[in-house]
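Features as listed in TrEMBL:
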- 20-44: transmembrane segment (TRANSMEM)
- 65-91: transmembrane segment (TRANSMEM)
- 111-133: transmembrane segment (TRANSMEM)
- 140-161: transmembrane segment (TRANSMEM)
- 173-190: transmembrane segment (TRANSMEM)
- 197-218: transmembrane segment (TRANSMEM)
- 224-241: transmembrane segment (TRANSMEM)
- 253-272: transmembrane segment (TRANSMEM)
Amino acid sequence: MFSLGSWLPGLAWGWALLDALLQGLVGACAVSVLCSLLKVYLYIQCLNDPQRQAEKEAIRVQWWVLEPLHVVVLTALLALVGSRVAALVVLEFSLRAVSTLLSLGKGAHSSQLYLLCQYSLGCGVSCSLSFLLEGAPHSTCNLLLAVGLAGLLATYARRLARHVCTLYELHSRAHYCGICILLLATGHGIPKLLQKALAVTFAVADLAAVVLINRDFLSTAEAVRFWTPLTICYTLLVIYMQEGSRQSTNGQGLYQTVLVRMGGLFILLLTIGHWSDVLHILFSLLGELWCLLRAGIMLEACWRQ
């Protein structure tokens, strides 16, 4: 007969895995909502421009059947990435976003920034949930409720995008669909709505990321030895991103910048991180490339806009 104690380690590991999957699913649903709203905005913008009808058709005929596959793959990748690496990804994107927003007057594209934050948004939601529910007695139940709410929002956002891509052109002319009339009047405000929502999300995620990273240090000296090279690495990455955005004229360099960013974090964690961090960086690289590959058509529309 096995004692109860022999089952406890496996049981605890199983609950931890379930919590990681639920956190990843909430993050994937947040990314799905973001992409659906951006699809609505870009489709309306292309529809109103006679010179962008080809882009409108490309957005409209995107394979809707791949949306559930994207959520499943992103959920798995977010669940596999540890909280430490997810926190580093969130902090790196936050610095890059602040730098990009400061240069908006010089020709930067905010809509493109929203698409580039997909994986970072998933990591941010996962970090925030891990921080907020740490030590909670019913954390799994809370995560199940969060999954239900996130799934509901993602489903309705996906239905809205499908409705717009299918019927908006007809309904906006006939003026008998309430949803399309509302979008006709206020659709241009979607980027502002996303900007406010993402600002709040990443503010909480940044706080959670700092706490999650600092909890692994036993002394201030260990924290200084970690944060000093990390700050230098992030500063160099931000400078490189800014120079690359000025020199590039299309979206082909986005994959190169992902490789440079993840490569920098990979080398940094080889020296000051754990062995598991190196593996998690590879998962993060797959997640970034997967999100960029799925959003390729919308990224092209942002560049031409």
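Each Cβ is built from the backbone N, Cα and C atoms, and glycine gets one as well.
Keep in mind that this is a model prediction, so the values were computed, not measured.
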Same-chain residue ranges lying at least 6 outside the transmembrane segment (173-190) that approach it to Cβ under 8 Å: 37-38, 40-41, 44, 160, 163-164, 167
Interface-richest range of 140-161, 197-218, 224-241, 253-272 toward the transmembrane segment (20-44), CB pairs under 8 Å: 140-161
Chain residues outside the transmembrane segment (253-272) and at least six past its termini with a C-beta under 8 angstroms from it: 85, 88-89, 92, 116, 225-226, 229-230, 233, 236-237, 240-241, 244, 278, 281-282, 284-285, 288-289, 292, 299
Residues from the same chain, set at least six apart from the ends of the transmembrane segment (224-241), whose C-beta lies under 8 A from its own: 88, 91-92, 95-96, 99-100, 213, 217, 257, 260-261, 264-265, 268, 271-272
